[in-house]
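Structure record follows, encoded as structure tokens.
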Amino acid sequence: GSEVKLMKDDKDQHHPPAESQKRGQWANKREFILAVVGEIVGLGNVWRFPYLCFKNGGGVFLVPYVLFLFTCGIPIFFLEVSLGQVTNQGGITCWRKICPLFQGIGYGGVVIMLYTVMYYIVILAWAFLYLFFSFNAELPWSNCNNTWNTGTHICYVNIMFRLLRFWRTVSYTYVYIYIFRRRILGLSGGIEELGSIRWDLAGCLLLSWIICFFCIWKGVKSSGKVVYFTATFPYVMIVALLIRGLTLPGAADGIQFYLLPNPSRLADPQVWMDAGSQILFSYAVCVGCLQSMGSYNKYNNNCYKDSFALCLLNSLTSFVAGFAVFSVLGFMANELGVSISTVAESGPGLAFIAYPQAVAMMPLPQLWAAFFFIMIIFLGLDSQFVYLEGMITSISDMYPSFFLTGHRRKLLLLAVCVGCFLAGLLMVTEGGLYIFQLFDYYACSGMPLMFFAILEPVCLGWVYGADHYYDKIKDMIGYRPRPYMKYCWKYITPAVCTGVLLFSLIQFTPMKYNNTYQYPWWGYAIGIFFTLSSVLLFPLWFLYSVTRLRVLCTPAEEMLSSSTKRTVDAEARQSFTKDEVCPLNMAEKPTDVISEGYFLESKQEH
């Protein structure tokens, strides 16, 4: 009774109602839907899923993909959106309200978001430069008559060689690879040779950061309006490219190659690992961004239906984008007289090598090149600024009385943008692509996401209690979701993610650029640091909290002595913040506090 009231009062003082009112709120449900669509529908839908599908058995890849979607993707997605909505907090403080011991999940997620916004925006810089090239009278990658085609490099347009073949002292390079590696990147021989900054890329990087800053500088008031265009326009471009691709000769062969089932591939564990990692990668879970987006919802918003609809839309977009990609790749293979597997690429190789090569063979190549790179820019742009919004929200919610006063939130945003821009300059040097690959492989996907995908449902399903959380959801949306979600949080999702994580650890191999360049030992050390810097925040915070618990439960020194003196020097007492007060001192059983103290106060507030 009195303990519960005391904890409620403490929380109210730390997060007074006036502060939550300053956070802002989505003007309507459409803004939330479009913001999340902009976040989760990104470059991975276009350049990663189609490649994984053809690589892992075509249509049969959909079997593990759909299985992971319903056992991991949707449950974690709904968990995070609903958690932000019920707590009205960002990616860090939402876990403080659930269980302070697990607050390290939020800190780790924010570190991953920081790494993501640092490196992801470099792709936009590349895309902007390609877009500017698309307005030339002749596409630079359609011929070898360029000022930068110099030295001992011999450039070919219509003859398909290996990507890079050395014969005597002359290197034969396909023109589309040549422009990306030599003209755009000025690629050096390794990470040891960073070289100079590519100033045209640096200018495009600055342009990208300026756009992102002004997209969210007023919080959800501005980002909620921007997503009306940035989240919908890529769909217009995908449909246009799909229609154009289906009318090209060889398109049917490309689509057949994309979906032709090979059931024997299901016996390969790597196929299942690819499906699981793609779900976590494309649904933007385990970084705290979805909690931040959900925290701007109205309390009674039906986030249960929203989560299912958004997840299905995301996967459907990936599937349809595969038709747009492989119809064009089929056309290119038909023109070159080679197998589709020869021209199929994943990641930047698809967007900046294979697809530009294909559009150069079409009528009106400048138009289709411009359409494609505009689509790439908008797909990346809204993912970038929504991630940035999620990170700023998570940080400002930790100290609302400070950051939500005056223009301090804008100054925080400006500081983050400037700092990330300066860090990003390393990735637009001549050796910058090697640093970019370290971020992509070690910092922002794979093991860190899988680790937090295990912890989140364990915290909610077992520490807080899935049944208790269902009561909170019923209070929000008016009914209890089906038990399927509860069983996923408690059993299925942690088990599946643990299996995938263990397999990825067993099968782990250090990254090689283009499967040929091996990083020096210190390069791999940087990559491992990226991984551990987010993952270790959880155990470190857990140990810190337990250590503080012991201190907070220790009586004053004079209370431990046998002296009969009862006076206490008030000035010698150690003071602690309200968040550090040990709740376990307030009840006989810790579970009483967890179920009745920390969480009933949230129910009473609503």
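Keep in mind that glycine also has a Cβ here, set from the backbone N, Cα and C atoms.
Secondary structure at L379 (Na(+) binding site), as computed by DSSP, is helix. Using a 10 Å Cβ-Cβ cutoff, L379 (Na(+) binding site) registers 30 neighbours. Under the heading Na(+) binding site, TrEMBL lists G38, V41, N45, S282, N314, L379, D382, S383.
The region 'Disordered' annotation in TrEMBL covers 1-24.
Residues or ranges marked as transmembrane segment by TrEMBL: 32-50 (among others).
For 62-83 (among others), the entry in TrEMBL reads transmembrane segment.
The feature transmembrane segment is assigned by TrEMBL to 104-133 (among others).
Using a Cβ-Cβ cut-off under 8 Å and counting only residues 6 or more beyond its ends in the same chain, the transmembrane segment (201-220) has close neighbours at 23-26, 31, 35, 121-122, 124-126, 128-129, 184-185, 226, 230, 296, 381, 384-385, 388-389, 392, 409-410, 413-414, 417, 420-421, 424-425, 428. The transmembrane segment annotation in TrEMBL covers 201-220 (among others).
For the transmembrane segment (226-243), the residues of the chain that approach it from at least six positions outside its boundaries are 30-31, 34-35, 37-38, 41, 46, 215-216, 317, 320-321, 323-324, 327-328, 368, 371-372, 374-375, 378-379, 381-382, 385-386, judged by C-beta separation under 8 angstroms. Per TrEMBL, transmembrane segment is recorded for 226-243 (among others).
The transmembrane segment annotation in TrEMBL covers 308-333 (among others).
According to TrEMBL, the transmembrane segment annotation covers 367-390 (among others).
According to TrEMBL, the feature transmembrane segment maps to 411-436 (among others).
Under the heading transmembrane segment, TrEMBL lists 448-466 (among others). Counting residues 6+ beyond its ends, the transmembrane segment (448-466) has Cβ neighbours under 8 Å at 72, 75-76, 79-80, 83, 95, 98-99, 101-102, 105, 108-109, 112, 276-277, 280-281, 285-287, 486, 488-490, 493-494, 497-498, 500-501, 504, 531, 534-535, 538, 594-595, 599 in the same chain.
Long-range contacts of the transmembrane segment (487-509) within the same chain: residues 68, 71-72, 75-76, 79, 269-270, 272-273, 276-277, 446-447, 450-451, 453-454, 457-458, 460-462, 466, each at least 6 residues beyond the stretch ends and with a Cβ under 8 Å from a Cβ of the stretch. If you look up TrEMBL, you'll see 487-509 (among others) marked as transmembrane segment.
Listed by sequence, the residues of this chain that lie at least six past the ends of the transmembrane segment (521-544) yet keep a Cβ under 8 A from its Cβ atoms are 101-105, 107-109, 111-112, 115, 191, 434, 438-439, 441-443, 446-448, 451-452, 455, 510-511. Sequence annotations record features per position, and here TrEMBL assigns transmembrane segment to 521-544 (among others).
When secondary structure is read from DSSP and collapsed to three states, N45 (Na(+) binding site) falls in the helix class. The highest tally of CB pairs under 8 A with the transmembrane segment (32-50), across 62-83, 367-390, 411-436, is held by 367-390. Cβ proximity to the Na(+) site centre (mean Cβ of G38, V41, N45, S282, N314, L379, D382, S383, cutoff 8 Å) flags the following additional same-chain residues: V37, E39, I40, G42, L43, G44, P234, T317. A Cβ distance under 8 Å defines the sequence-distant neighbours of the transmembrane segment (411-436), meaning residues of its chain 6+ beyond its ends; these are 114, 117-119, 121-122, 125, 185-188, 190-198, 201-202, 205-206, 209, 212-213, 216-217, 388, 391-392, 395-396, 403, 513, 517, 519, 523.
In sequence order, I40, G42, G44, N45, R48, F49, N314, S318 are the residues near S282 (Na(+) binding site), counting only same-chain partners six or more apart with C-beta under 8 A.
Tertiary proximity for the transmembrane segment (62-83) is limited to same-chain residues at least six positions away from its ends with a CB under 8 Å from its CB atoms, namely 36, 53, 94, 98, 266, 271-272, 275-276, 278-280, 283, 285-286, 288, 290-291, 293-294, 303-304, 306-308, 310-311, 315, 319, 453, 456-457, 460, 473, 476, 481, 485, 488-489, 492-493, 496-497.
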